[in-house]
């Protein structure tokens, strides 16, 4: 008689335990054990519990290949899900085999687990294990299916595929959702207290293993409801018309101020702060260094000489690499939208900036269209104060549109969703790349589904607050993806290509490159352990299918993007994985976390403009300026969104935090520890630097970076 000892750990999530019966079967090279119930005196499989059981066999099973968990009904109780963290099996000879699980087991089913040792398909030769890989991927591909949201968009998860699964896989709360109004058959409706329609059905059927935890869901709701109801009670969400005074905007979130939001309120109209935001604001990727001026921006030396001062000229500064351009060409053909029944307006400005001898980036000239001419004057710092302020505000509106739609949602949320989907569909649990990337996909499918249900749906928040609306968003993102390249995706390459390596006080660049290097070193150690040669990469058909699916579904097979459709060397794999992890974590933090800080003062980030751009100088008054800014209710709706997305809900996992131990070998565990130590040193350096800054830059402080796109 051979006795195997099982140590079963149940997750500590709310309702992670189960009353259902759990049975186990061990499968080894010499046979398999009888199906045996895991039962002991008292409650089994309670949340957070660690319990030990015995499985008896007539003879030893040899090397353990699989552990089957069978979940079946207990008496008359209703079925409930069980979150199994991990199981350790100790053989009669004392050797231990670890089985990571870290998933919800829902309904009555059988789940097969492999030992925690990561293996590529080339390292498996047993038909049993090869068949297990194949069946696992077939099941996942049936569950996680691709869907087209709009032409030219990265493909997204098809939530309806979860609805088609058996009823015990659904999260059915339809009858518990209080709906104030439903005026169509799509499920697009208003909820009490929320200022936009929500696509309810798409939120109710998330597969358990990609759904927010109860803690995160509760935290998100508790962040949203008080702010939304507070505005509703004060009548702000229903108040149309212009702001009477700029100072009135201060009172929207009087209890939700931050040091940075207060700093922005005090300094937003200063030219130096306008330039600072191109380096360390929420969209720090727009600047390109110029060696000559584009013909569409006919700025002359006489125009800017008063700012440049004696001893230099525009041509000299161009040759020195001190002139930069922010070009919003992508907005030139963007459709416009109506808000509160009124036509809104969009411009495609060109903003020329100069790095002065003191290392301060200053705006030199602004043209509010892509076509120069008498009706498109070039605004200068020497113009009257309100004319110059209005021109800068138009640029800030363009910044808002490009940042929110492309830099933020397209390049982090949507692309990271495609990475998550391909990882789930093409890599089995035992694959080393799956183990590496899984923590960086956490909650991404859920948060993007929420975004599509609340922001991108018809009459959702995008239609309520932005000058381009939902149709403009679709245009902007599809155009942005058509021009997005692998160089843009890889931070070091992007920095070099944009010519911004030497700008001082560019904290996003400095902190980002440090984090990139730390991730690259960590990934390199993992890859070298599992892929010792070029052939090991080229012959991994699962890895190649994963890369190919990302190329086809995220980048629509566009060769000009420069994204690989196949990987040939470990070095190429390291760069690709580094870029994915960086963009799922650090890049998202850089472009997301500061939205409330920099947008709470609405004139610094207006979501829409209500008057056409000026065609002459000298006509701007404070009244006309206020009449150009968004209306009161539009402002409040947008600031509510800024507040929510800047407040990371509970259940956070900072970059480098891996509580789920998917890697069980010693080498990758040591690499994880070294990665964490490196991030700790980066954090220490950032905090020391910030002590001497008037406005600290903390968005890339590793403890403040979430592992994944989860909000």
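Just so you know, glycine gets a Cβ as well, placed from its N, Cα and C.
Residues 408, 413, 588, 592 are recorded by Swiss-Prot as Fe cation binders, and the candidate that the same record lists for that site, out of 323, 682, 686, 711, is 711. The Cβ of residue 592 (Fe cation binding site) lies under 8 Å from the Cβ of 282, 408, 412, 645, 646, 711, each of these being in the same chain and 6 or more residues away along the sequence.
Contacts of residue 588 (Fe cation binding site) defined by a Cβ separation under 8 A and a same-chain sequence distance of 6+ are given as 408, 412, 413, 416, 706, 709, in order along the sequence. The secondary structure of residue 711 (Fe cation binding site), as reduced to three states from DSSP, is coil rather than helix or strand.
On the 0 to 100 pLDDT scale, the domain 'PLAT' (2-119) averages 94 in the predicted structure.
Secondary structure counts, DSSP: the domain 'PLAT' (2-119) has 0 helix, 62 strand, 56 coil.
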